[in-house]
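Read the structure below first, then the notes.
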Amino acid sequence: MSSAATTTYVLRGARPLGGDPVDLVLSGGVIAEIAPVGAARAGSEDGETVVVDATGLVALPGLVDLHTHLREPGREDAETIESGTRAAAAGGFTAVHAMANTTPVADTAGVVEQVWRLGRDAGWVDVHPVGAVSVGLAGQQLAELGAMADSAARVRVFSDDGKCVDDPILMRRALEYVKAFDGVVAQHAQEPRLTEGAQMNEGVVSAELGLAGWPAVAEEAIIARDVLLAEHVGSRLHVCHLSTAGSVEIVRWAKGRGIDVTAEVTPHHLVLTDDLARGYDPTFKVNPPLRTAADVEAVREGLADGTIDIVATDHAPHAREDKDCEWAAAAFGMTGLETALSVVQQTMVDTGRMTWADVARVLSGAPARIGRIDTGERAQGRPLEVGEPANVTLVDPAARRVVDGAGQVTASTNTPFQDRELPGAVVATFLRGRATVLDGTPVPAGAGTRGVRA
Ligand SMILES: [Zn+2]
């Protein structure tokens with residue numbers, strides 16, 4: 001039998017949620033003990049014990065991404081479930097939701113089960129497939145939502161992400177349908193007519209550059225419509241990658257009214273602005289587009305005050321030929337799994353706007369709850385308490401690193417943070433007590449525990 005299942009890890013001196021140091025003992029797949037530093041009973045009946053020096057490291061519940069593009073099936077040249085989930089583990093994640101815009105589209109029980117199985121076999125993180133709302137993402141006909149929910153993949157999140165469910169009748173039907181199994185519709189809010197040919201945020205910079213603009217209202221109009229639809233049918237709505245100050249205001253209003261809406265912001269929208277388009281570097285071409293400094297300030301404020309529930313990566317790897325071309329021809333999207341935690345630390349923690357407990361909420365607890373993966377044997381996003389599943393991420397907040405896309409674990413190099421220095425580094429990740437990352441390096445299942453600093 002592999003040592004992985006029986007190895008006990010003592011995370012000596014770890015600081016849960018940035019609090020006082022303790023010994024965190026992971027054994028039998030759960031958090032077995034939390035003891036004063038140096039007091040943990042090292043040793044288990046039938047396996048080895050590895051002591052990890054976690055002095056100065058912050059312990060977080062394993063991160064959960066509600067919005068990842070793994071590209072398999074169909075675009076294995078950009079990413080595979082293997083490479084994408086390994087990158088997720090390296091970024092501190094223990095679960096990801098895999099978006100449905102693959103080839104074929106994840107709009108049937110067969111496809112979501114395939115993705116779920118490939119994720120399970122890869123073993124880096126729990127993979128939860130997102131099901132498409134409409135057949136082929138075509139926006140015409142409702143996909144087999146019930147069959148996907150009842151499948152082995154137990155789909156609870158449905159999204160046509162990449163495309164907006166712009167037909168209000170179809171959106172209403174989807175919202176009504178998912179109520180039967182406590183699902184949620186995650187909307188990519190982009191009014192298609194208002195964004196035809198759009199290349200970047202509509203504003204001063206787009207006017208200067210002569211690139212077709214993407215107005216804030218194209219996002220805000222859909223969000224406004226959808227919160228009202230969600231209220232009307234009494235269903236759950238999730239807003240993907242909200243990016244404008246007006247969108248924050250609408251979600252704040254909806255929550256104040258008691259509407260069951262949640263929202264996400266991406267790391268890149270927390271820090272980057274449309275000024276970056278001036279260099280015509282397609283690395284910065286993304287959907288929704290980078291907005292203005294005022295929008296960045298508004299989404300930071302919305303995340304800090306709870307209007308925005310979670311940070312989701314929208315990790316969107318692309319093959320080189322789809323990014324190494326002129327701006328107008330380039331694909332939308334950027335990678336994010338391996339930089340998300342650092343960007344949140346830089347923009348929210350190091351600025352004093354959020355605590356590490358808040359980080360655990362927006363990157364683990366809340367996304368797990370929205371995806372309904374916070375209960376049961378494979379529960380994610382749980383508090384760091386004795387008896388809970390041992391999904392733990394150790395981060396060194398004092399570390400500094402210069403991002404190099406070519407050196408990342410993801411198979412694609414389209415990081416918007418190339419050559420930038422970011423704070424924080426994931427030192428270790430544990431999935432139900434098994435180390436998937438140690439000393440910052442992914443550890444394949446069954447590789448044993450060599451290389452551990454003890
Ligand atoms: Zn999207």
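Even glycines carry a Cβ here, placed using N, Cα and C.
A TrEMBL annotation is a machine prediction, not a hand-curated record.
Quantities reported herein were computed from a predicted structural model and do not represent experimental measurements.
According to TrEMBL, the feature domain 'Dihydroorotase catalytic' maps to 58-244.
Every protein chain considered, the tally of other Cβ atoms within 10 Å of the Cβ of Asp314 (Zn(2+) 1 binding site) stands at 29. If you look up TrEMBL, you'll see His67, His69, Asp161, Asp314 marked as Zn(2+) 1 binding site.
DSSP assigns Leu70 (substrate binding site) to coil in the three-state reduction, outside any helix or strand. Residues annotated as substrate binding site in TrEMBL: His69, Leu70, Arg71, Asn101, Asn287, His318, Phe332, Gly333.
The DSSP secondary structure for His188 (Zn(2+) 2 binding site) is coil. His188 (Zn(2+) 2 binding site) is surrounded by 25 other CB atoms, counting those within 10 A of its CB over all protein chains shown. If you look up TrEMBL, you'll see Asp161, His188, His241 marked as Zn(2+) 2 binding site.
According to TrEMBL, the active site annotation covers Asp314.
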For His318 (substrate binding site), the one of His67, His69, Asp161, His188, His241 that lies nearest, given that the binding-site residues are compared by Cα: His69
Within the predicted model, mean pLDDT of the domain 'Dihydroorotase catalytic' (58-244): 98
Cβ neighbour count within 10 Å of His67 (Zn(2+) 1 binding site): 28
Other CB atoms, at most 10 A from the CB of Phe332 (substrate binding site): 16
Spatially closest candidate among His188, Phe332, Gly333, the listed binding-site residues, to His69 (Zn(2+) 1 binding site) (Cα to Cα): Gly333
Residues flanking the Zn(2+) 2 site, with Cβ no more than 8 Å from the Cβ centroid of Asp161, His188, His241 and excluding those residues themselves: His67, Met99, Ser159, Gly162, Ala186, Gln187, Ala189, Gln190, Cys240, Asn287, Pro288, Asp314
